[in-house]
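Participant: TrEMBL feature annotations, pasted as is:
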type	residues	note
COMPBIAS	B:11-31	compositional bias 'Basic and acidic residues'
COMPBIAS	B:65-78	compositional bias 'Low complexity'
DOMAIN	B:152-381	domain 'ABC transmembrane type-1'
REGION	B:1-83	region 'Disordered'
REGION	B:390-410	region 'Disordered'
TRANSMEM	B:102-125	transmembrane segment
TRANSMEM	B:148-181	transmembrane segment
TRANSMEM	B:193-220	transmembrane segment
TRANSMEM	B:240-262	transmembrane segment
TRANSMEM	B:300-325	transmembrane segment
TRANSMEM	B:362-385	transmembrane segment
Amino acid sequence: MTAVAENKPAYDGKVLDLTGKSGARAFKNTLATVLIVLAFAVAMIPLLWILFTVVSKGYHLLLSADWWSQSQRGITVRRAGGGAYHAIMGTLIMALITAVIAVPIAILGAIYLVEYGKGTRAAKVVSFMIDILTGVPSIVAALFVYAVWITVFGFNRVGFAVSLSLVLLMLPVVLRSTEEMLKLVPDELREASYALGVPKWKTILKVVVPTAFGGIITGVMLGLARVMGETAPLLILVGYSKNINLNPFNGFMGALPTMINQDRTELALPNAADRVWAAALTLILLVLALNLLARLIARFSAIKSK
Amino acid sequence: MSSPDGTAPPDRPDGTAAEEPRIEDLVHEDAGPTPRFGGLASEHAEHEAAAADAEVMTESGVEDAGTTTAPVTPTETGGKLELGPVGHLGDRLFGGLARGSGGLVVLIVAFVGIFLLALAIPALIDDKSNFLFSRIWEPGGDQPRFGIAALFYTTVISSIIAMLIAVPIAIGVALFVTYYAPKRLAAPVAHAVDLLAAVPSIIYGLWGILFFAPILRPVINGLSTALGWIPLFEKPPGDNVGVVFTASVVLAIMILPVVTAISREIFAQTPIAHREGALALGATRWEMIRLSVLPYGRSGVVSASMLGLGRALGETVAVLIILSVPNGNDPWNSSIFAGGETFASKIANNAAEFDSPEKTGAYIAAGLVLFVVTFLVNSAARIIVDRSAPGTKRPRRNRRAGAATEGASA
């Protein structure tokens with residue numbers, strides 16, 4: 001602030017110009033503006049570059065109907081043809097199982113934090129644990145499930161094990177966003193419901209949750225988008241299969257990330273490279289679609305704040 | 001969240017400890033809610049909940065926003081309001097379910113730690129070399145010898161460089177979105193940065209090694225020529241671009257959205273009185289930011305950087321694809337222009353080796369160390385957030401939740 005005082009123009013009989021700035025300050029201001037705009041430009045380059053690379057290299061395979069309806073059964077790395085049906089279905093099935101397990105726990109956990117445990121020590125412990133879970137790397141989640149599912153129980157590597165590890169990654173995302181949404185529900189709504197003699201649990205189920213529903217769905221979709229792109233659990237917990245396998249409890253399963261991983265060492269072969277980029281584009285489209293859908297829902301179902 | 005222990009009167013609705021009044025407290029936009037009837041209703045519900053639950057709830061201290069400002073605090077009420085046992089069974093069931101889910105989360109995290117530990121310990125006991133300080137990794141066999149020193153070094157150095165690159169850019173982007181971009185442009189720009197987080201990491205890896213690494217070659221050669229006398233920047237022979245430095249730059253791009261999102265939220269919360277005060281004193285836009293926005297958001301940015309660091313430490317597939325694994329015979333190289341393996345990439349690279357419990361145990365021990373390191377980094381981030389000034393509480397959530405809230409409240 002002293003700089004400001006020192007730079008106050010002395011009155012010398014001319015018109016007092018309060019808008020003027022000393023050269024150094026104006027220069028610093030311009031420099032900062034340039035740097036900040038530059039930082040933004042630097043951040044945008046990789047996004048546009050990645051999207052351009054994947055789209056331009058992958059789009060032509062996506063135009064054929066085979067890509068969406070065929071598997072890679074019997075297609076060797078040098079040959080063209082086949083599709084990604086097995087991998088798309090695998091990704092969707094594992095994500096669906098993950099959501100079925102994670103979403104109820106996440107929503108109930110958020111209800112506990114906001115409606116029941118608020119301010120208690122127990123809630124703080126739960127909240128801290130969720131923070132920990134948010135930071136658990138996917139490879140550690142996968143190792144944990146490997147330790148339980150395969151080392152301790154002796155089961156096989158199957159799609160369901162992947163879903164279990166993805167639950168650990170999806171749970172905190174959905175729980176936190178649901179918690180934020182429930183917090184946004186105005187207390188007046190709860191009070192009005194209590195005043196009518198509605199018990200607490202019914203108030204939560206019929207008033208609070210429906211009010212926050214759009215936001216909860218948004219959280220679920222963002223959580224799904226996160227787990228669909230995960231590769232590490234797939235590498236450890238299920239083998240890649242070129243055939244269509246829709247049973248998450250038996251046998252290896254294809255998935256888009258492992259389909260990319262399968263041929264990534266053979267990128268010198270044009271057909272393999274085409275497949276890799278097409279699978280990458282499919283995966284990006286899936287994840288981006290979920291993200292955009294989530295944002296649209298969020299926009300149109302926002303809780304009106306006073 | 002630091003909780004007042006009942007001795008300090010809470011002066012803010014969100015339960016932050018009372019401290020000497022500052023301008024932001026006095027003019028904060030969401031200054032305390034007016035006393036509401038909610039105090040009674042939720043007090044009743046909480047008494048009921050307390051009765052149903054075996055756990056002893058602390059009645060003193062922080063209640064929710066409604067009760068702290070209610071004219072009578074629960075502890076002072078002589079007799080509580082009796083409204084009759086409305087929906088008792090349903091409340092018990094539903095409340096139990098909700099509590100059970102909360103407990104389940106605690107159990108899951110505890111189990112992750114316990115299981116990893118239980119499976120790692122036998123392997124650690126068999127380990128013939130020093131687990132913490134050895135750079136050898138030869139698990140399995142009669143004489144298993146493995147240590148994490150090399151993995152730890154590569155993991156930490158790559159993540160720290162990533163953080164050093166990402167944080168200044170993230171601050172710039174966050175300032176651009178909050179105070180420089182035209183209003184109409186700000187939201188699309190913020191979403192575009194968030195989209196960076198939506199790109200799956202395996203695609204970062206492929207793009208990083210095939211398209212991005214080649215343009216880093218001049219940077220790598222330039223840096224190693226200029227600074228090669230420092231071991232950290234020494235360039236090993238060969239023309240390898242799958243090095244730690246490349247992985248760091250790609251990691252920086254990957255953690256950019258996390259750091260940006262949290263910094264953005266913090267910067268946007270700078271009290272308007274601080275900003276306008278600075279401007280009214282004749283500050284330029286940059287001076288306004290330096291004098292009001294940056295000091296206000298400092299702790300938030302620090303914790304955002306730590307969260308980004310945590311993300312970088314655990315990143316698996318992108319690092320796996322980019323980093324070239326050094327030959328077994330090569331001497332270990334501490335340079336960032338050499339290849340290497342991180343905890344995560346080592347585990348993923350050797351998933352096929354999990355055939356015997358001894359070998360698996362070694363990798364699980366490595367995973368456990370990674371878990372502990374990310375745990376410490378993330379906890380440090382939380383502690384910084386919790387200790388910091390009021391208003392810096394918001395980044396407690398992760399990036400996606402924050403973005404969702406922001407989208408919903410827009």
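Cβ atoms are placed via backbone N, Cα and C, with glycine included.
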Participant: Under 8 Å between C-beta atoms and at least six residues away from its ends: which parts of the chain pack against the transmembrane segment (B:362-385)?
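Facilitator: Residues 112-113, 116-117, 119-120, 123-124, 127, 131, 137, 139-140, 144, 146, 148, 151-152, 155-156, 299-300, 302-304, 306-307, 309-310, 313-314, 343-344, 346-347, 350, 353-354, 392-393, 395-396.
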Participant: Using Cβ distances below 8 Å and needing 3 or more such pairs, separated by at least 6 in sequence, tell me whether the transmembrane segment (B:300-325) contacts the transmembrane segment (B:102-125).
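Facilitator: Stretch pair does not touch.
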Participant: At a C-beta cut-off of under 8 Å, are there same-chain residues at least 6 beyond the transmembrane segment (B:240-262) that contact it? List them, or none.
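Facilitator: That would be 154, 157-159, 161-163, 165-167, 169-170, 173-174, 177, 190, 193-197, 201, 204-205, 208-209, 212-214, 216-217, 219-220, 223, 300-301, 303-305, 307-309, 311-312, 315, 318-319, 322-324, 335-340, 395, 398-399, 402-403.
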